[in-house]
Amino acid sequence: MTFRDILSVTFEGPRASSSTGGSGAGGGAGTVGPEGPAVGGVPGATGGSAVVGTGSGEDNQSSTAEAGAAASGEVNGSAAVGGLVVSAQGVGVGVFLAAFILTAVAGNLLVILSVACNRHLQTVTNYFIVNLAVADLLLSAAVLPFSATMEVLGFWPFGRTFCDVWAAVDVLCCTASILSLCTISVDRYVGVRHSLKYPAIMTERKAAAILALLWAVALVVSVGPLLGWKEPVPPDERFCGITEEVGYAIFSSVCSFYLPMAVIVVMYCRVYVVARSTTRSLEAGIKREPGKASEVVLRIHCRGAATSAKGNPGTQSSKGHTLRSSLSVRLLKFSREKKAAKTLAIVVGVFVLCWFPFFFVLPLGSLFPQLKPSEGVFKVIFWLGYFNSCVNPLIYPCSSREFKRAFLRLLRCQCRRRRRRLWPSLRPPLASLDRRPALRLCPQPAHRTPRGSPSPHCTPRPGLRRHAGGAGFGLRPSKASLRLREWRLLGPLQRPTTQLRAKVSSLSHKFRSGGARRAETACALRSEVEAVSLNVPQDGAEAVICQAYEPGDLSNLRETDI
C-alpha cells in the first residue's frame, strides 16, 4: 500500500450495509460488505494511526465512531492530519525536530556565507570548515526532514526505493562530516607545529585534493548497501532503517568513526603539547625550531628615547629583557594552558559524546542481537549523532573572533566588510609622523641593533619611505601609495588578521596606561610599538634581504587554532 492509499478513502459499490475495517489495535486490511464498499485499514504496526473507512448503508450510521474508538485508544487528544491520526506527543516531537533542523540549516548557512562574503576569511583552514558546513547543511536539508517525518508518523511513507537512497545519503553526509573534523584537526596540528612552513605545506591545490579524497572515501562507505551489501529487504515497505548487516556495520563504523576519532584525539593532544611548549619558550624570549640550530627571537621595537631614570645601563638591560618577555607573551597569546585545555575538551568531548554511542551500539547489535537497546533508546542515540551537525557551527567557527564579527555583519545584512583604518590605536602622537607605524617582520642577523633604530639589513616596503623627525622615525607615503588611497601594509593580496591588530592594540594601551611605569625605562612615555622583527642567526651567510610575511601565517603570531 502506497502513501497515497493511506491518505485516501476508497468508495465502491451501491448503497448498502457495510462492515468496517481497521478495528482493534490497528486493524487489518478491511473486508467488503455484501453490497458495500471496501474499507481501507492500516497494518497493526501503525497502532493508533489507523484510517477508518465508512460506507453509506443504514447499518453504518454509528460504525464510524465505534470503529474509530476501536482502532485507536488514543484518539482523544490526537490530531488528524491529511487523514492520519497524529498523537499530541507526535506533534510535540515534530515541533522540536523542526526547530532542531532549522537551527542546523541556519548555523551552517551562516558559516558558508561568512567565508563567501569576507575575503579575509578565505584561508585554507576555513576552506576545511566550509566543507564541514556543507556536509552538515546537506545532512540537515536532505536527510533530517525525512527522518523527522518518520519519527512523527511512526512509519516510512515514501517507498522502498527512496528509503535506500535516503539511507545512502545519510551515511555519505555523516561520514563526510566526521572526516572533515578529522581533516581540521590535522590542518591545525600542521599549522601549530610547522607554522613557518605552513603556507608551503598546505596550499590551496593540496587542500582541494584532500577534500576530493575526503568525499571519495565517504562515497565508498555509503554505496555499499546500494550495491547489495545489506541484510534481506523487509517485506513491509513502510519500514525503513539503517543496514545492520554484520560486515557492513563493522566496516562503516571503523571507516566513518573509529579511525577518524583516533586521528582527532592524537592530533589535538599533540596540538596541546606543542602549544604548551611554545608558550614556555615565548616566556623565555626564544623559540627554537626543531632540528635546526637557528633561534627565532621575538623583539618589540619601541620608538622613543630608551633612557633609564637612573641612567644605569645594567638595570636598563635587565628591565628591558623582562619587558621584552612580557610583551612577547601579551602579543602572541599563543596558547594559555587553561584556555587550550578547555577548548580541546569541548571539541573532542562533543564529538565523542555525539557519535560514540551510535557507533558502539550499531556493531554490537549486529554481532549480538540480544544486546540491542530498546527502540526508544536507539532513537535517542540515533538523533544524538545528528545533533553534532547542529553544534559544529557553534564550536569551530565561533571559537574565532573573526567569524563572530562576520556572523554579526550577516545578521545585520552587512555582507561587505567595512573599510576600517588599520590599527587606530597606533595613530602616531607626534606631528612628524605622516602615516601610522608599520608592522615589519624581517629576518635579521644574529647581532643586535639598538632599540628604536631600524635594522641595517632591512629596507622598507615599496610605497613607504622612512625619514627622521621629532623623537623617532616616521613613515612618509610615496605618491604611488597616495594615488591608491589605501595604505597596503602587506601587499595587495595580504591583509593583517583581526587577532593580530587586537593584540598590537592591546600592547599600545599597555605602554600608554597601566604598563607605563614598567615601560618607561625602555621606551619614551609616548612611545608605541613600531615593529615586530625576527632575529635569525646566520652562520657565515650574507645579510638576509628583508622579506615581508603574512602575520596570520607566521608561527605563534596568531591565537591558537584549537
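One-based numbering along the chain as shown.
Backbone N, Cα and C define each Cβ position, glycine as well.
Feature annotation from Swiss-Prot assigns compositional bias 'Gly residues' to 21-44.
Per Swiss-Prot, the feature N-linked glycosylation site maps to N60 (among others); the stated evidence is sequence analysis.
What Swiss-Prot lists as N-linked glycosylation site is N76 (among others), and the listing cites sequence analysis.
According to Swiss-Prot, the feature S-palmitoyl cysteine maps to C413. If you take the C-beta of C413 (S-palmitoyl cysteine) and look for same-chain residues 6 or more apart in sequence within under 8 angstroms, you find none.
What Swiss-Prot records for 13-44 (among others) is region 'Disordered'.
Residues annotated as region 'Disordered' in Swiss-Prot: 50-69 (among others).
Residues or ranges marked as region 'Disordered' by Swiss-Prot: 444-472 (among others).
Marked as topological domain 'Extracellular' by Swiss-Prot on the basis of similarity to another entry: 1-90 (among others).
Mean model confidence for the topological domain 'Cytoplasmic' (116-127) is a pLDDT of 89. As annotated by Swiss-Prot, topological domain 'Cytoplasmic' applies to 116-127 (among others).
Residues annotated as topological domain 'Extracellular' in Swiss-Prot, with similarity to another entry given as evidence: 154-163 (among others).
Annotation comment: Swiss-Prot describes 187-207 (among others) as topological domain 'Cytoplasmic'. The residues of the topological domain 'Cytoplasmic' (187-207), classed with DSSP into helix (H, G, I), strand (E, B) and coil, number 15 helix, 0 strand, 6 coil.
For 233-245 (among others), the entry in Swiss-Prot reads topological domain 'Extracellular'.
Per Swiss-Prot, topological domain 'Cytoplasmic' is recorded for 270-342 (among others).
Long-range neighbours of the topological domain 'Extracellular' (368-374) within the same chain, counting only residues 6 or more positions beyond its ends whose Cβ lies under 8 Å from a Cβ of the stretch, are 361, 381. Feature annotation from Swiss-Prot assigns topological domain 'Extracellular' to 368-374 (among others).
Swiss-Prot lists 400-562 (among others) with the feature topological domain 'Cytoplasmic', giving similarity to another entry as the kind of evidence.
Marked as transmembrane segment by Swiss-Prot on the basis of similarity to another entry: 91-115 (among others).
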Stretch-level contact, the transmembrane segment (246-269) and the transmembrane segment (375-399), CB cutoff 8 A, at least 3 pairs: no
Collapsed DSSP category at C413 (S-palmitoyl cysteine): coil
